[in-house]
Amino acid sequence: LMVVTSNADRICTGITSSNSPHVVKTATQGEVNVTGVIPLTTTPTKSHFANLKGTQTRGKLCPNCLNCTDLDVALGRPKCMGNIPSAKASILHEVKPGTSGCFPIMHDRTKIRQLPNLLRGYENIRLSARNVTNAETAPGGPYIVGTSGSCPNVTNGNGFFATMAWAVPKNKTATNPLTVEVPYICTKGEDQITVWGFHSDDETQMVKLYGDSKPQKFTSSANGVTTHYVSQIGGFPNQAEDEGLPQSGRIVVDYMVQKPGKTGTIAYQRGVLLPQKVWCASGRRKVIEGSLPLIGEADCLHEKYGGLNKSKPYYTGEHAKAIGNCPIWVKTPLKLANGTKYRPPAKLLKERGFFGAIAGFLEGGWEGMIAGWHGYTSHGAHGVAVAADLKSTQEAINKITKNLFSLSELEVKNLHRLSGAMDELHNEILELDEKVDDLRADTISSQIELAVLLSNEGIINSEDEHLLALERKLKKMLGPSAVEIGNGCFETKHKCNQTCLDRIAAGTFNAGEFSLPTFDSLNITAASLNDDGLDNHTILLYYSTAASSLAVTLMIAIFIVYMVSRDNVSCSICL
C-alpha cells in the first residue's frame with residue numbers, strides 16, 4: 001500500500017503593486033500608469049534679476065561712471081571715461097536711450113542705439129590707447145579738432161567724445177568726397193569697433209564752419225558692408241544735453257565692426273567726425289533684456305522671469321531668451337517613469353489540476369514589497385510571504401538614472417550644439433529674428449519630448465528583462481528542490497516560509513537546508529505490516545505466486561469465451 005501526501009509550496013517572481021499610480025507618456029503605448037515618476041519640468045514665477053552664480057554679470061557698462069548712460073560710455077563722453085569690467089553675461093537695461101548727455105545726436109538715422117548693446121555682447125571690452133586716424137592731417141585738411149561747450153570735460157571746459165574728432169577745416173572751402181583708411185589697431189585679435197559720424201547745422205553755421213552750405217555725402221565700408229548718408233541742413237530747434245549749452249546743430253553717429261587685420265574706409269565731405277579711439281572687444285556673449293539693480297545670485301537669467309535657480313532640466317510657460325545654467329523650454333510638462341508599470345494587487349486563482357495555473361505577478365502586483373520593485377512570493381500553509389530583490393531593484397533604478405543622464409547629455413551636448421549653431425548665426429546678423437528663435441525652441445522641445453517618450457518606453461519594457469533575470473536566478477538557486485510550472489512560478493519539494501524567501505531574495509538560499517526528508521514535497525510511505533515471522537523473500541514469493549495464478553486463470557477464461565463464440569466448443573450447464 002502506498003500513500004502520497006503534498007507538503008509543497010509555490011514560489012513566484014513578480015513586481016510590486018501600488019495604490020497611487022501616476023501617468024507617463026510613451027512612444028508606442030501612449031499614456032501608461034506607473035508606480036512612480038520623476039517630474040522633469042517646472043513652471044517658474046517672475047523674480048528680480050540677479051548676478052549669475054560664479055560669474056560677473058554686467059548691468060551698466062561702466063559701474064563706476066556716475067550719472068552716465070551706457071551710450072555716453074560707448075561714445076566716450078568726457079565725464080564718462082572708465083574701465084569696463086569683463087563679464088560672462090550682460091543685461092540690456094536701456095532699450096532706447098533718449099540722449100547722449102553731450103552733443104545732440106540724431107539717434108534714428110543710424111543704428112547708434114545698438115552700440116551699447118553690441119559692446120555688452122562681448123566678455124572683454126577695452127578702449128584703445130592710441131587713435132586710429134590723425135584728424136589734423138587727414139585728407140582735405142589741415143583741420144582743427146573742434147570741441148563744444150555742450151560736451152564739457154572733467155574740468156568743465158569744452159570737450160568732445162573720445163571716440164571721434166570733429167574735423168573743422170582751416171580753409172573754409174567746399175570739397176569733393178575724400179577717403180581716409182581706417183587701419184586695424186587692436187593688438188589681441190579682438191573685434192575692432194570703430195565709431196565715426198558727421199555734423200550738420202543750418203546754412204549760416206555750415207558756411208561759417210566749413211565754407212559750404214550744401215548737403216554733404218558720407219560713406220563707410222568695412223567687412224563688405226557699405227553705408228551711405230547725406231547730411232540734413234537746418235531745421236533743428238536749439239537743444240541742450242545735460243549740463244551743455246543749447247545747440248542748433250546735430251550730429252549723426254555710426255559705427256563699423258572690423259575683424260582682425262581688416263581695413264575700413266570712410267569717404268566724406270565737410271563736417272566729418274573722424275574716428276579716434278576704438279573699442280577692442282573679444283569673447284562673444286549673449287545679451288538679454290532685463291532691469292537693474294541685480295539682487296543676489298541665480299543659476300539663470302530669463303527675460304520673462306528674471307533670476308531663476310535651476311531645479312529641473314526643463315520648464316514650461318513663456319519662452320524667451322535666457323543666459324546661464326538654464327532649464328530648456330518645452331511645450332508640455334514631462335515626467336520620467338520612476339518605478340514599474342502599475343498593477344493592481346494580485347488575486348490567486350484556485351488550482352486547476354495538480355499543476356494548475358496560478359494568477360501570480362503576471363496578472364497583478366504583490367503588496368508589501370516596500371523595500372523594492374521586483375522580488376519573490378511564496379504561497380502555502382503559512383499564507384503568502386513577500387520579499388524584495390534589492391539587486392534587481394537597484395538595476396532598474398540604475399537604468400532610470402542612466403536615462404536621466406542620457407537626457408542630461410542630450411540637453412548639454414546635442415541641444416546646445418543646435419543652439420550654438422543658431423548663436424553663430426546670431427553673431428553674424430547681430431539680431432536673430434524672433435520667429436527663427438521660436439522655431440528653434442519648438443524644434444528643441446520636440447526633440448526633448450521624443451527623448452522622454454523613448455526613455456519611458458525603455459524603462460517600462462525593461463520590466464520583462466528584470467523578471468526573466470529573476471526567474472533564471474530563482475531557478476538556479478532552487479535547483480532540483482523545485483519544479484518549474486510556468487508564469488515565473490516553481491513548485492517546491494519543501495516548505496518555504498518568510499525566512500526561506502528572505503534568503504532567496506538575499507541570494508543566500510541553500511537548498512540543502514530545506515532538502516528531503518525534512519520538507520519532502522511528496523512523502524512516499526510504505527504501509528505498516530504486522531511482524532508474523534515471515535521474511536522478505538517469503539512475502540515476495542507469495543506475491544509472485546498469486547500474481548502468476550491470476551494471470552493464467554484470466555488467459556484460460558479468455559480462450560474459452562473465444563472458442564464458444566466460434567461454435568468450436570459447446571458448453572452445457574446442468575443443475
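The backbone N, Cα and C atoms fix where each Cβ goes, glycine too.
Of the listed cysteines (Cys102, Cys186), only Cys102 is recorded by Swiss-Prot as the disulfide partner of Cys151. Among the disulfide-bonded residues listed (Cys68, Cys80, Cys102, Cys151), Cys68 has its Cα nearest to the Cα of Cys500 (disulfide bond).
Comparing Cys80 (disulfide bond) with Cys102 (disulfide bond), their Cα atoms are 10 Å apart once rounded.
The disulfide-bonded residues considered are Cys68, Cys80, Cys496; of these, Cys68 has the fewest other C-beta atoms within 10 angstroms of its C-beta. Separating the Cα atoms of Cys496 (disulfide bond) and Cys102 (disulfide bond) is a whole-number distance of 93 Å. Along the topological domain 'Extracellular' (1-543), the predicted structure has mean pLDDT 76. Cys102 (disulfide bond) sits 10 Å from Cys68 (disulfide bond), taking the Cα positions as reference. A gap of 13 Å separates the Cα atoms of Cys151 (disulfide bond) and Cys68 (disulfide bond). Under the three-state DSSP scheme, Cys500 (disulfide bond) falls in the helix class.
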